[in-house]
C-alpha cells in the first residue's frame, strides 16, 4: 500500500469502500477497492486470493483492468484503472424528456457484449452486471467492472452499508434458485441493461425476489416446462404462481427499432439453453450499421 496515496472516497461498492488514489512514483490515478469480507477475523480466504490473481490476466479494452492486489492489516485492496463515470450516473444525468442517442445505445451494447464474450471465452462469469458497474470515459468507451468478484467473494444479500443488492438485472434461473447456471445469466443482465439504455428506466424493478419474478412474468408470461424444460422443478418455482400470458416487449421498451426489439427478445428468453450467446448477439442485424471503428476495438 505504501506505493499509493488515497485522494478521496468515491463510493461504496458491493464489497466495501472505493477510493480514488494515485501511484506515488508513476502518478497514475487508480480506483482502490477495499474488500470487507463477512468473516473479518479469519482474514482473506486463499481461494479468494487465487481467484482474484487470475483476474489480473483479463486484459481487454472493454474490461476495467485489475492492476494490483495488495494486503494491508489483513484487508484486501484491489487496484483498478480509474474511470470517473458509471452508466447509472450517466443515465441519471440525461434531462427529462431526452434519451440517449440511438447510435450510442448501439455502440455501448456492442462494447458490453465484446467484454462479456472475452470473459466468457475464458470461463469467467460476472453474475452481478448492472449500470453501476459499467464505467464510461469521455471517448465513448464503456468498460465492465467487478468481473469475477462474485465467484471470489460471493454476492452478499446486502452491501456492507446494509443497502440491499439490486435484483433488477438478475436472471430468472438465479431468482428461481437454480443450482447450476452459466454464461446465459450475464446475457439476461445485459438484455435488461439494453432496455434501460433505450428508456432510461429499469425494465424490471422489483423490491423483493418474488416481486422481481412477478414483474418478469407479467411482461414475458409465467414460464412452464413447455417454454423452459425443467423450470417447474427448480427449487423456488411454485405451482401456485399466477399464470400470466406473455405480453409484448415493444409496449415496455419504446425507442428500439425492430432489430433492436428482436435482439432484446432473444436476450430475454427464459430457457438459458435457448438464450442468445454473446458471440451470436454481436452478429445480430441490429449491429449492421454500427461504425466499423467500434467493431475493430
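Just so it is clear, glycine is given a Cβ too, placed from its N, Cα and C backbone atoms.
Quick look at what Swiss-Prot lists:
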| type | residues | note |
| --- | --- | --- |
| MOD_RES | 1 | N-acetylmethionine |
| MOD_RES | 4 | phosphotyrosine |
| DOMAIN | 4-287 | domain 'Protein kinase' |
| CROSSLNK | 6 | SUMO2 cross-link |
| MOD_RES | 9 | N6-acetyllysine |
| CROSSLNK | 9 | SUMO2 cross-link |
| BINDING | 10, 11, 12, 13, 14, 15, 16, 17, 18, 33 | ATP binding site |
| MOD_RES | 14 | phosphothreonine |
| MOD_RES | 19 | phosphotyrosine |
| CROSSLNK | 20 | SUMO2 cross-link |
| MOD_RES | 39 | phosphoserine |
| MOD_RES | 77 | phosphotyrosine |
| ACT_SITE | 128 | active site, proton acceptor |
| CROSSLNK | 139 | SUMO2 cross-link |
| MOD_RES | 141 | phosphothreonine |
| MOD_RES | 178 | phosphoserine |
| MOD_RES | 222 | phosphothreonine |
| MOD_RES | 245 | N6-succinyllysine |
| MOD_RES | 248 | phosphoserine |
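Feature map: Swiss-Prot annotations on the structure.
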residue : record           : contacts (Cβ under 8 Å, 6+ apart)
10      : ATP binding site : 18, 19, 20, 31
77      : phosphotyrosine  : 1, 32, 33, 34, 35, 68, 69, 70, 71
248     : phosphoserine    : none
Seminar exercise, completed: For the recorded sites listed (6, 139), most other Cβ atoms within 10 Å of the Cβ sits at 6
Seminar exercise, completed: Same-chain, non-site residues whose Cβ lies within 8 A of the 10, 11, 12, 13, 14, 15, 16, 17, 18, 33 Cβ center for ATP are 34
Seminar exercise, completed: Within 10 A of the CB of residue 141 (phosphothreonine), the number of other CB atoms across every chain shown is 16
Exercise. Taking all residues of the domain 'Protein kinase' (4-287) together, what is their mean pLDDT?
Worked result: 91
Exercise. Is residue 128 (active site, proton acceptor) helix, strand or coil when read with DSSP?
Worked result: coil
Seminar exercise, completed: Judged by other C-beta atoms within 10 Å of its C-beta, the most isolated of the recorded positions 9, 18, 20 is 9
Problem set entry | Nearest recorded site to residue 16 (ATP binding site) by CA-CA distance, among recorded positions 9, 139, 178, 222, 245 | 9
For this session: Give the distance between the Cα atoms of the residue listed as 'N6-succinyllysine' and residue 222 (phosphothreonine), rounded to the nearest whole Å.
Result: 7
For this session: Among the recorded positions listed here (12, 128), identify the one with the smallest other-Cβ count within 10 Å.
Result: 12
